[in-house]
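Peer 1: What TrEMBL shows for this protein is this:
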- 183: active site, nucleophile (ACT_SITE)
- 211, 212, 213, 214, 234, 235, 236, 237: substrate binding site (BINDING)
Ligand code: ASP
């Protein structure tokens, strides 16, 4: 049974996730601190009258630069030991999105994704095309690739590099949640009533080079529509893509579900249909508040809103505990 929570919070607000997996004890506090900092940075933008798009971008960038998470610096490594990042950013006003997949040469995949949305004719760039676009639009962020490999990601890869079995077995059975899958995401609504969402990831560890999960795919890794709300997902990417997780969450909300219950229903169905697990953060339009659900053991989350002032609610389990 997924673990679920709803906050009937009025906008503006922001909700953050830091990946759904069985986070080991040494990383618990760091994960909560990381999502709290991200929530606070995004909330500050919202409280100063900024847009939901700016808030989710800044929050996700904050976690991309934190090696605790599987995104940007600290990304999980592919079987060949490389970093390949995917990200998406979605605007609820325009129902536009920008995405990149298999980006290797820029430190913030979400920043490049936003440039794709706002500064290109297209919605997604992949591989070399993504790197070339990133170099052109974010020259200040260009890296060689090695700089994105954290000590933890390197050690983790060394420990498992001889594993020859299917990566999906690692991710969805027994060992699954011991493996980092701590993708990051943010969902926000601003004082103008505009929704936005963003997701950024280094993918699942040991995946084949060139593999693309759910994260950069609209309707899978994220979605946003001012009439319905917005969401961001994490977990086993092939499963989230198969069930079009984000789109289904939006449909459930259109049919009256609360944000947390919509996420829970989709995760339950995903487990039944694919055997995969994950987590989803959601905001609902027309005063429907914000919520989340996860079917893994843990998921770091944080919520901040204007009504609570400086206070950020956070945790690893729905009751705020670790
Ligand atoms: N969904 C991501 C992917 O499959 C992984 C994660 O959320 O941790 O690439």
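Just so you know, the numbers here start at 1 and follow the chain as drawn.
Placed from the backbone N, Cα and C atoms, the Cβ positions cover glycine too.
Whatever TrEMBL says is automated annotation, not expert-curated.
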Peer 1: Can you tell me which of 183, 211, 212, 214, 237, our recorded positions, come within under 6 Å of ligand 1 at the Cβ?
Peer 2: 183, 214, 237
Peer 1: For residue 237 (substrate binding site), write down the residues of its own chain that are at least 6 apart in sequence and whose Cβ falls under 8 Å from its Cβ; none is a fine answer.
Peer 2: 201, 203, 204, 212, 213, 214, 215, 220, 221
Peer 1: Count the other Cβ atoms sitting within 10 Å of the Cβ of residue 235 (substrate binding site), across every protein chain shown.
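Peer 2: Its Cβ has 32 other Cβ atoms within 10 Å.
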Peer 1: Any idea which of the recorded positions 183, 234 has the thinnest Cβ neighbourhood at 10 Å?
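Peer 2: Ranked by other Cβ atoms within 10 Å, the recorded positions 183, 234 bottom out at 234.
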Peer 1: With the cut-off set at 10 Å between Cβ atoms, which of these binding-site residues ends up with the most neighbours? Options: 211, 236.
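Peer 2: Going through 211, 236 one by one, the largest Cβ count within 10 Å is at 236.
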Peer 1: Measuring Cα to Cα, how many angstrom lie between residue 236 (substrate binding site) and residue 183 (active site, nucleophile)?
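Peer 2: That separation, Cα to Cα, works out to 10 Å.
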Peer 1: Is any of the binding-site residues 211, 234, 235 within 10 Å of residue 183 (active site, nucleophile) (Cα-Cα), and if so, which, in sequence order?
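Peer 2: So the list is 234, 235.
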Peer 1: For a quick check of packing: other C-beta atoms within 10 Å of the C-beta of residue 214 (substrate binding site), how many?
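Peer 2: Taking every protein chain into account, the count is 30.
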Peer 1: Please report the three-state DSSP label of residue 235 (substrate binding site).
Peer 2: strand
